[in-house]
Amino acid sequence: MTNIRKTHPLMKIVNNAFIDLPAPSNISSWWNLGSLLGVCLILQILTGLFLAMHYTSDTMTAFSSVTHICRDVNYGWIIRYMHANGASMFFICLFMHVGRGLYYGSYTFLETWNIGVILLFTVMATAFVGYVLPWGQMSFWGATVITNLLSAIPYIGTNLVEWIWGGFSVDKATLTRFFAFHFILPFIIAALAMVHLLFLHETGSNNPTGIPSDADKIPFHPYYTIKDILGALLLTLFLMLLVLFSPDLLGDPDNYTPANPLNTPPHIKPEWYFLFAYAILRSIPNKLGGVLALVSSILILILMPLLHTSKQRSMMFRPFSQCLFWILVADLLTLTWIGGQPVEYPFITIGQLASILYFLIILVLMPVTSTIENNLLKW
């Protein structure tokens, strides 16, 4: 009798994706991040569901409802902090996952890569609307400042902003629609993640060498299922350390003050995972230019396959490119630091230099270095 795992219409899909899937034998822990992102998404949907049971999306009661969750709901505080810090873990995994793709040349899987970039945008949108929901000072002013950037779009900008706000300022209509978006987007992310996997399984995984691994495959289960479970346990450990020992480490103290349209906080800044893009936005002293730079800083990932001039796929055997890659990582960390600093000397200059370096490395230095490496190898 044939195994039901291989014949049942539903079980067959699961089997081909997670059990009998032929996987390269040499993929490192950098390939764990995909499954960790899946774990993060499930965790966020579950904790978010329980939070939504007690949250009210009304300007008068939103802040109080979050306080009520933390004080009066059974284990509400842990659900709230797991959700808030779970977002941080999500972005840590996301940035490392993208970094892995850049380092090992995974962007040559065009469909998988492009859907990944769309996923990145969707997750960023979800996190942004989610940050507005507690209706603290930074929620309100963050929403005001970031949505206002759309007014830089010529001709339709102002109408577009007022359409998104549902009025002439960030108010009840804005909060209600942001809650609706925050609820629906994770399910769109889940659907996109399935398409992402579908395209990945058309080609099979890349591996650290960047060389086709068809000659040496192993089944996904038990080897990589065990490996993924270990990764998930470590992720949970780090998350719970954060939640139980310093839940407010990555948050902003201003968000413990209820939103007040009459009082602007001295430094308006987004959550830490948006600071690099915020620094690029602020480094250009022109509204439209800043917005274009902000969008380009993420959208530039779409160009990666076009900018790949090396004859090798992975950076594993390319020391000069490796050097550039880690300079890029350091540059992004610098931008993250600058994004959280006030707009004054010397931070403005450092931010501008780091922004120029970011685009210079990706658009010019990496393709040129790859060509030089080709010539050094007489290719």
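Placed from the backbone N, Cα and C atoms, the Cβ positions cover glycine too.
Note that the structure is a prediction, hence the values are computed from the model and not measured.
Taken from Swiss-Prot, the feature transmembrane segment applies to 33-53 (among others).
The transmembrane segment annotation in Swiss-Prot covers 77-98 (among others) and rests on similarity to another entry.
Residues annotated as heme b b562 binding site in Swiss-Prot: HIS83, HIS182. Look at HIS182 (heme b b562 binding site): DSSP puts it in a helix. For HIS182 (heme b b562 binding site), the same-chain residues 6+ apart in sequence whose C-beta sits under 8 angstroms from its C-beta are GLY48, THR126, VAL129, GLY130, LEU133.
As annotated by Swiss-Prot, heme b b566 binding site applies to HIS97, HIS196, with the evidence given as similarity to another entry. Of all Cβ atoms in the shown protein chains, 21 besides its own fall within 10 Å of the Cβ of HIS196 (heme b b566 binding site).
Look at Swiss-Prot and you will find 113-133 (among others) tagged as transmembrane segment.
Residues or ranges marked as transmembrane segment by Swiss-Prot on the basis of similarity to another entry: 178-198 (among others).
Other C-beta atoms found within 10 angstroms of the C-beta of HIS201 (ubiquinone binding site) number 14, with every protein chain shown included. If you look up Swiss-Prot, you'll see HIS201 marked as ubiquinone binding site, on the strength of similarity to another entry.
The transmembrane segment annotation in Swiss-Prot covers 226-246 (among others).
Here the transmembrane segment (288-308) has Cβ contacts under 8 Å with residues 98, 102, 105, 107-108, 110, 113-114, 117, 120-121, 124, 149-150, 152-154, 276-278, 280-282, 355, 358-359, 362-363, 366-367, 370 of the same chain, all six or more residues outside its ends. As annotated by Swiss-Prot, transmembrane segment applies to 288-308 (among others), with the evidence given as similarity to another entry.
Feature annotation from Swiss-Prot assigns transmembrane segment to 320-340 (among others). Note on the transmembrane segment (320-340): residues 99, 102-103, 269-270, 272, 274-280, 282, 310, 347, 350-351, 354-355, 357-358, 361-362, 365-366, 369-370, 372-373 of its chain, located 6 or more positions outside it, place their CB under 8 angstroms from a CB of the stretch.
Per Swiss-Prot, the feature transmembrane segment maps to 347-367 (among others).
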Near the transmembrane segment (226-246), which residues from the same chain, at least 6 beyond its ends, have a CB less than 8 A from one of its CBs?
29, 32, 35-36, 39-40, 43, 78, 81-82, 85-86, 88-89, 93
To the nearest Å, how far is the Cα of HIS201 (ubiquinone binding site) from the Cα of HIS97 (heme b b566 binding site)?
17
Are there three or more C-beta pairs under 8 angstroms joining the transmembrane segment (33-53) and the transmembrane segment (178-198), sequence spacing 6 or more?
yes
When a 10 Å sphere is centred on the Cβ of HIS97 (heme b b566 binding site), how many other Cβ atoms does it contain?
20
Does HIS83 (heme b b562 binding site) have same-chain partners at least 6 apart in sequence with Cβ under 8 Å from its own Cβ, and which are they?
GLN44, THR47, GLY48, LEU51
So which residues does the transmembrane segment (33-53) touch in its own chain, when a touch means Cβ under 8 Å and the partner is 6 or more beyond its ends?
69, 79-80, 82-83, 86-87, 89-90, 93-94, 96-97, 100, 182-183, 186-187, 189-190, 193, 228, 231-232, 235-236, 239
